[in-house]
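So that you can see what the record holds, here are the features copied from TrEMBL:
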- 220-232: compositional bias 'Polar residues' (COMPBIAS)
- 238-249: compositional bias 'Acidic residues' (COMPBIAS)
- 35-131: domain 'PH' (DOMAIN)
- 152-212: domain 'FYVE-type' (DOMAIN)
- 220-249: region 'Disordered' (REGION)
Amino acid sequence: MVDRLANSEANTRRISIVENCFGAAGQPLTIPGRVLIGEGVLTKLCRKKPKARQFFLFNDILVYGNIVIQKKKYNKQHIIPLENVTIDSIQDEGDLRNGWLIKTPTKSFAVYAATATEKSEWMNHINKCVSDLLSKSGKTPSNEHAAVWVPDSEATVCMRCQKAKFTPVNRRHHCRKCGFVVCGPCSEKRFLLPSQSSKPVRICDFCYDLLSAGEMTACQSTRSDSYSQSPKSSLNDASDDDDDEDSSD
């Protein structure tokens, strides 16, 4: 079906509409062989609170952006190559239901669908696209992914020293290796993680010691995606902070 749609006028028109919705700030999306599989609004769990984001699934990339005008205008376009994506289901808890993790070497995060059926359809389509891409390229699935950041609301004290309380003065920071919420003194060091940045990034002391000793995988497994068992942020959080960016602490 994808091959049949690849060069159809209907597919070209649909992709053009998506391009226009992102305006001049968005990257061009029309290339030979690219097919728009589906689209919809998902709730993305950001650093400060869950937020609605418009997602577009193509046969080779996943695109999402902030909703400016529903079905008409989006900004802050993000493009994720599907070859590098792995996904894992998240258990339902509280207001956060029908979720899964989207994991890539550069950034990983959780999203939630409105219904269990919608979640199943998204996950099935993503897995099919990834499988087809890997089959064509002969590559193996990615086994490296960035940590999923623990939401700020999950930690009232530093997750490493378990002593420092967070206040407007004592800010929260995120370790780029394990995703923990940590205090400044526990995350003063930086380390080069090539898959995430060309410059050294903030990491906690625990991960720094492991990375310095060459124990890369041990550091990543300190969380073993335990985040998926404990997303307690409320969907009604009143924070008006923007989406979390790679440059955020």
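Here the Cβ of each residue, glycine as well, is placed from N, Cα and C on the backbone.
Note that TrEMBL annotation is computational and uncurated.
Here the domain 'PH' (35-131) has, by DSSP, the following mix of helix, strand and coil residues: 19 helix, 54 strand, 24 coil. Under DSSP, residues within the domain 'FYVE-type' (152-212) fall into helix, strand and coil as 14 helix, 10 strand, 37 coil. Summarising model confidence by region, the domain 'FYVE-type' (152-212) averages a pLDDT of 95.
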